Amino acid sequence: GLPICGETCVGGTCNTPGCTCSWPVCTRN
């Protein structure tokens, strides 16, 4: 889906549901 979640994951985790960490940003399908 949207490639960018508007969240960063420099610490390695994403808080947004459905998002995964593709350092240093969160992405989703």
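Cβ from N, Cα, C; glycine included.
According to Swiss-Prot, the disulfide bond annotation covers C5-C19 (among others), on the basis of similarity to another entry. Annotation for C5 (disulfide bond): spatial neighbours C14, T16, C19, V25, C26, T27, R28, criterion Cβ-Cβ under 8 Å with sequence separation of six or more.
If you draw a 10 Å sphere around the CB of C21 (disulfide bond), it holds 17 other CB atoms from the protein chains shown. Taken from Swiss-Prot, the feature disulfide bond covers C9-C21 (among others).
DSSP assigns C26 (disulfide bond) to a strand segment in the three-state reduction. In the structure as shown, the Cβ atom of C26 (disulfide bond) sits within 10 Å of 21 other Cβ atoms. Sequence annotations record features per position, and here Swiss-Prot assigns disulfide bond to C14-C26 (among others).
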C14 (disulfide bond), DSSP three-state class -> coil
